[in-house]
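Worksheet: the structure to be examined is printed underneath.
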Amino acid sequence: MPELSLLSALDAARIQWYHFKAIIVAGMGLFTDAYDLFCIAPIMKMISQIYYHKDSIGTALLSTSYAIALLGTALGQLIFGYLGDRVGRRKVYGLSLLIMVFSSFGCGFSVCTTRRSCVMVSLGFFRFVLGLGIGGDYPLSATIMSEFANKRTRGAFIAAVFSMQGLGILMSSAVTMVVCLAFKNAGEGSSEKTNVAGLETLAPPESDIAWRLILMIGALPAALTFYWRMLMPETARYTALVENNVVQAAKDMQRVMSVSMISQITEDSSSELEQPPSSSSYKLFSRRFLSLHGRDLFAASANWFLVDVVFYTSNLLLSQIFNFSNKPLNSTNVYDSAFEVAKLAAIVAACSTIPGYWFTVYFIDKIGRVKIQMMGFFLMAVVYLVAGIPYSWYWSKHEKTNKGFMVLYGLIFFFSNFGPNTTTFIIPAELFPARFRSTCHGISGAAGKFGAIVGTVGFLWATRHHEEDGFPDVKRVRIAFLILGGVCIAGMIVTYLFTRETMGRSLEENEDEIVSTSAGSSPANELLRRQY
């Protein structure tokens, strides 16, 4: 059967240049995603000194500034995940990138510079739109990479795409440091009051340009990748199994990859009468879908929700616990807080985050997804408990260079990325049928981003009370750490009870579909029935 031959050829294909090209093209979207999502912490430090120098930013406004992009990301995952299955992965892949490019520039050119409230509303709007594009990139990149990859190294390829986030975090920190240093050195260091956005402030006027420049630079990687995305063909699995056009699928793969048997598949398929696309034997969220895939969807969504509660809260700790704003404000040290937060983020990314990603790339197809995910949740729980119980001892003097705490903080990110933060991105791209794959990945990812909102907003409100020296209340931070440890334990339990291993199996094997001969089967379902 031509479909079976095509999928078998893809699963057995040797590693070749196009696989690495696909990793770069798909990964640059996630690179941009990470840049845009994680540059906001140091930027909010700058905005607080430029527009709110007499008062600190309220918890409600700070929570909204973090949550608005995450909300857009969740909606983008749902919308583009659905569109990826409805009209094709390739057709909407470039659209998500364009949204990121234009909204990044929109953030920089926030349309009102006369009042700080207007600036924040404009920035919030464009951050929300930016989130839509970022969210769209998650299910499309994961699905495309999973459908291009061979069976033996599929996990490593998807993990490599996701690992570009680490480089995006590192780049956002580097850009922030360079911009802050350049603007600081260009300033005169005076303490004279100036006018920024209609407000009297010690911050120099050019500081209002600095944070906008950081945001706009995030558009460049996405813009440079757009052309190459448009050259990518539709995935063979979507064309063959959803559109029922195995001839076109074989031709597309022959154009970009050297796969044995592709030429023969094209010849054999051309001699057969093409069947028109038929409706799926069951619909999304139907009783049959839930009986076959409900457990997998629950496990993928719950685990992503839990890990994002922890991961995004951990990132927020960077700008809240490590307080660098105790110097008197003048026209140059308006950049100091942002620089210090970005520098620490760069150190954590280089020493913990990026190595964690690449440990997963190396071990994912050797150890398996479930074992890595359980190990990551367990060790993160241990680190949170070790850091949380004696928290007041670590920070009794609030030493920003406390080496013991910094090591523990870095281990959180290492075991997050050599663990559930990466595997929750991989598993939903491998479990579901081709016609539901992008949608289910989007649902799982959206659950994760709602977890990120819960963690981010919850932590900000839980630690809103500060001590006399301006640091968050020690008791509240300790409780937050212990709660995060409990969340990790819950993730380990959910993984153990509900998550299925996908290593070493084809995507069609992982679908685990049971097709009845009495039901009206599509060619894709008939393929699965004959194969198994």
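Cβ coordinates are placed from backbone N, Cα and C, and glycine is handled just like the others.
What Swiss-Prot records for 1-22 (among others) is topological domain 'Cytoplasmic'.
The annotation transmembrane segment is assigned in Swiss-Prot to 23-43 (among others) on the grounds of sequence analysis.
Positions annotated as topological domain 'Extracellular' by Swiss-Prot: 44-62 (among others).
Annotation comment: Swiss-Prot describes 63-83 (among others) as transmembrane segment. Only residues 6 or more beyond the boundaries of the transmembrane segment (63-83), in the same chain, are considered here, and those with a CB under 8 A from a CB of the stretch are 36-37, 40, 44, 57, 91-92, 95-96, 99, 120, 123-124, 127-140, 312, 316, 438-443, 445-446, 449-450, 452-453, 456-457, 460-461.
Summarising the annotation, Swiss-Prot assigns topological domain 'Cytoplasmic' to 84-91 (among others) and lists sequence analysis as the type of evidence. Below 8 angstroms of C-beta separation, residues 139-140, 143-144, 147, 232-235, 238, 242-243, 435-439, 442 of the same chain, each at least six residues beyond the ends of the topological domain 'Cytoplasmic' (84-91), sit close to that stretch.
With a threshold of 8 Å between CB atoms, the same-chain residues lying at least 6 positions outside the transmembrane segment (92-112) that come near it are 29, 32-33, 36, 76, 80, 83-84, 118-119, 121-123, 125-127, 129-130, 132-137, 140, 144, 212-213, 215-216, 218-219, 222-223, 225-226, 229-230, 232. Residues annotated as transmembrane segment in Swiss-Prot, with sequence analysis given as evidence: 92-112 (among others).
Note on the topological domain 'Extracellular' (113-124): its mean pLDDT in the predicted model is 77. Summarising the annotation, Swiss-Prot assigns topological domain 'Extracellular' to 113-124 (among others) and lists sequence analysis as the type of evidence.
Swiss-Prot lists 125-145 (among others) with the feature transmembrane segment, giving sequence analysis as the kind of evidence.
Per-class residue totals from DSSP over the topological domain 'Cytoplasmic' (146-154), listed helix then strand then coil: 4 helix, 0 strand, 5 coil. Taken from Swiss-Prot, the feature topological domain 'Cytoplasmic' applies to 146-154 (among others), supported by sequence analysis.
Panel annotation: around the transmembrane segment (155-175), residues 19, 22-23, 26-28, 30-36, 38-39, 42, 141-142, 145-146, 148-149, 214, 217-218, 221, 342-343, 345-346, 349-350, 353-354, 356-358, 360-362, 364-365, 369, 417, 422, 425-426, 429-430, 502-503 of the same chain, lying at least six beyond its termini, place a Cβ under 8 Å from a Cβ of the stretch. The feature transmembrane segment is assigned by Swiss-Prot to 155-175 (among others).
Sequence annotations record features per position, and here Swiss-Prot assigns topological domain 'Extracellular' to 176-207 (among others) based on sequence analysis.
According to Swiss-Prot, the feature transmembrane segment maps to 208-228 (among others), an assignment based on sequence analysis.
According to Swiss-Prot, the feature topological domain 'Cytoplasmic' maps to 229-292 (among others), an assignment based on sequence analysis.
With a threshold of 8 Å between CB atoms, the same-chain residues lying at least 6 positions outside the transmembrane segment (293-313) that come near it are 70, 373, 377, 380, 384, 412, 416, 419-421, 424, 427-428, 431-433, 436, 440-441, 443-445, 447-452, 454-456, 458-459, 480, 484, 487-488, 490-491, 494-495, 498-500. Look at Swiss-Prot and you will find 293-313 (among others) tagged as transmembrane segment.
According to Swiss-Prot, the feature topological domain 'Extracellular' maps to 314-343 (among others), an assignment based on sequence analysis.
The transmembrane segment feature in Swiss-Prot is assigned to 344-364 (among others); the stated evidence is sequence analysis.
Contact count against the transmembrane segment (344-364) (Cβ pairs under 8 Å) is highest for 407-427, out of 23-43, 125-145, 372-392, 407-427, 479-499. Contact count against the transmembrane segment (208-228) (Cβ pairs under 8 Å) is highest for 23-43, out of 23-43, 125-145, 372-392, 442-462, 479-499.
Residues 77, 80-85, 89, 138-140, 142-143, 145-147, 154-155, 158, 237-238, 241-242, 280, 284, 289, 293, 296-297, 300, 304, 500, 502, 507, 510-511, 513, 524 of the same chain lie 6+ residues outside the topological domain 'Cytoplasmic' (428-441) yet bring a C-beta within less than 8 angstroms of a C-beta in it.
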